[in-house]
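Taken verbatim from TrEMBL:
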- 1-21: signal peptide (SIGNAL)
- Ser34, Ser61, Ala143, Val170, Tyr188: molybdate binding site (BINDING)
Amino acid sequence: MKKRIWAAFVFLLFSAGCAGAEEKPTLTIAAAASLTDAMEEIVPQYEDTSNVNVTLLLGSSGKLARQIEQGAPVDVFLSADTRWTTYLKERALTDDDQTTTFAENQLVIISHEEQPSINSLKALDSMAGDQTLAVGNPDSVPAGTYTKQALETIQLWDRLQEQMVFAGDVRQVLTYVESGDADYGVVYATDALISDKVHVTAEVDPALHDSIIYPAAAITKSRTEDAASSFLTFLSTEKAVSILENNGFTTLGDEKNR
């Protein structure tokens, strides 16, 4: 009889534990590849201060946005430009009330070996014929979109086409240059910061392209609306801002709260 009572008690404890675990929501966050290192620090901090588990998906903003459009179960989208949050808004998948901007970035030119002669974007016109330039695919990678805008402004986009190597996200651009598969690349300053295998040869003049702004948006079909909203709020906390700045981002508050 005692054995049966003990077994029943253990079963009840186990059942209670399972029920508690089931009640803890899971928040799925899709974030631009350039946010990889920052998010790998921010997510544990958020989990520690909330009763939420987080699943983190990383990739190019365009690819992630299209996956969300196709029904991927994502709750929060962090993009490297406003183009893709607008894309989702036009499809009623985000709205202004649950969208905020939280960071800015800067484009830089990197090289596999030190190249003092390439000291500006315009100087890429002097690349040797057998040298290559890695850029993000402008159709889906915001860093590539900004790069294309800048090169078009100085009338070099068409001229350098045959020497370009296109990448699926900005971290792949970094990898191409690190490995020597490309001589040069255009990445965010935050990406160059994490690598000791590349040299920053020049900053790209921000006046040549749209402002590099990172928006965060809760997806309207989110299964965990409260958690999605709380994560957007967390991005403006001192902890999150400190992590972003330590990873090289410029931070900014939500325009509505300024």
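Every residue gets a Cβ built from N, Cα and C, even glycine.
Those TrEMBL annotations? Automatic predictions, nothing curated.
Note that the structure is a prediction, hence the values are computed from the model and not measured.
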Item to complete: For Val170 (molybdate binding site), list the number of other Cβ atoms lying within 10 Å of its Cβ atom.
Response: 32
Fill in: Around the Cβ of Ser61 (molybdate binding site), the count of other Cβ atoms that are within 10 Å
33
Worksheet item: Rounded to a whole angstrom, what is the largest C-alpha distance between any two of the residues Ser34, Ser61, Ala143, Val170, Tyr188 that the record assigns to molybdate?
Response: 14
Practice prompt. Report the same-chain neighbours of Ala143 (molybdate binding site): residues 6+ apart in sequence with Cβ closer than 8 Å to its Cβ, ordered by sequence.
Written response: Ser34, Ala80, Leu107, Val135, Gly136, Val170, Val173, Val186, Val187, Tyr188
Worksheet entry | molybdate site shell beyond Ser34, Ser61, Ala143, Val170, Tyr188, criterion: Cβ within 8 Å of Cβ centroid | Ala32, Ala33, Ser60, Ala80, Asn105, Gly136, Val141, Pro142, Asp169, Arg171, Val187, Asp191
Fill in: Cβ-based isolation winner (fewest other Cβ atoms within 10 Å) among the binding-site residues Ser34, Tyr188
Tyr188
